[in-house]
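**Student:** First the structure, then my questions, so here it is.
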Ligand code: HEM
């Protein structure tokens, strides 16, 4: 009896100790660690909304988003009064916290600390050392979109993958791109001409350029298999839409294992894309010996990349290469459709430089006005509005010491909409500000960063600029653009910034 009682109290003691241990661990996780990090930043003069256990700053974010209108008022209409000050609808916390805490502040995504930086000098310092960071993946579904591709990794793994992919994006290699873009846009123009009634046609340019950009990237990566590869790119595009939806919500740890329809769908999308990709590679291996010069065959011939790595990189390039260029083109057409004086100037320049001929990669650099228009579009409507990295080790930016494991967020859209950088006409569509080059357009020479900067700058920047310029020159030569009365100006944001209600533009034959 006595022995049994002793055993009982031993078990109770053990359980009490275990409970105490777990409570201590929990307390460290949800209270001690976050408050220590908060203190660490406060000592360096960095403030922000106070940490609240478990929720962090989410309640405060919820309040700000609950009170802010989600879209600009319909009156006056955008068609007659184009207004580009939309940050307070898309990301209302950005102007509020910036006003309250300055250009660097700390907030909490649940228990995860996030340092938000909009100071261009600090961003420049941060981007100079990409090996110190890894990509911060905000929701596990993004892993299904990117796999272990270049965008998803950090440190030395990133550096190796960048070295492998760099040659694909050199200007010399991209020379053949103009032919691919030209035939794709010429085919579209022919189709639009067939659909025209009384020499005019309304086009929802976001959807239209999405499929155009997908055809172009499919041709570049898959060459003769472009048509068969389109379903892979479309599956990736659906995965990107799920990722965009997911990053707008708070991820509850472990919830990706639940058999929800969202989780099942995202897994199926990835599996189906990989299955189709594997079949495509298998077919290529059977017809070995045929001369193919697309990116897939180049990667296969490298022998240094595993099949899984090739699939991951190609799937990522396919989505990165189509999603953002498509948005640049869509926003450019919306802007040219309301700021018609700039459209006229761009068309005049195109006629003057090209004299009715097809554009070549070399001649594109002479299109100064078009270049300024593209830059101003990327400033006001950056397709990728946020970039987020995680420190892999303790890191110094300027005088700021950032511990390991902190998310460093660059809301580049906030830098592009900062009055201190761009002056009082910050919300005006004024391509002329780029007349003397990018570095002279803003107070800090590096405040313009639609492709980010430093060694981890967008690999596809030249690709995107060639594609956008060729498509726009071809359109300007054949059509005048006017914003449709149906167009509703509601930019929405997930991983990228899209026209929420479509981008309806009227095309009239010149
Ligand atoms: C207007 C069009 C584009 C914009 C605004 C854009 C923007 C960006 C940005 C901001 C990043 C940095 C992301 C980060 O560090 O988290 C990035 C990275 C990247 N982009 Fe783009 N991009 C565009 C077009 C393209 C195209 C056409 C391709 C490929 C054909 C491409 C491929 C990539 C790749 C591979 C990376 C990862 C680079 C690395 O991590 O080293 N992008 N892009």
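FYI, residue positions are counted from 1 along the chain as it appears here.
Placement of Cβ uses the backbone N, Cα and C atoms for every residue, glycine included.
Any TrEMBL annotation is an automated prediction that lacks curation.
Okay, so TrEMBL annotates it like this:
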type     : residues : note
TRANSMEM : 12-32    : transmembrane segment
BINDING  : 458      : heme binding site
**Student:** In the same chain, which residue numbers or ranges, 6 or more beyond the ends of the transmembrane segment (12-32), come under 8 angstroms Cβ to Cβ?
**Tutor:** 53-54, 111
**Student:** Starting from the Cβ of the residue listed as 'heme binding site', draw a 10 Å sphere and report how many other Cβ atoms land inside it.
**Tutor:** 18
**Student:** Helix, strand or coil: which one is residue 458 (heme binding site) in, per DSSP?
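**Tutor:** Note: residue 458 (heme binding site) is coil by DSSP, not helix or strand.
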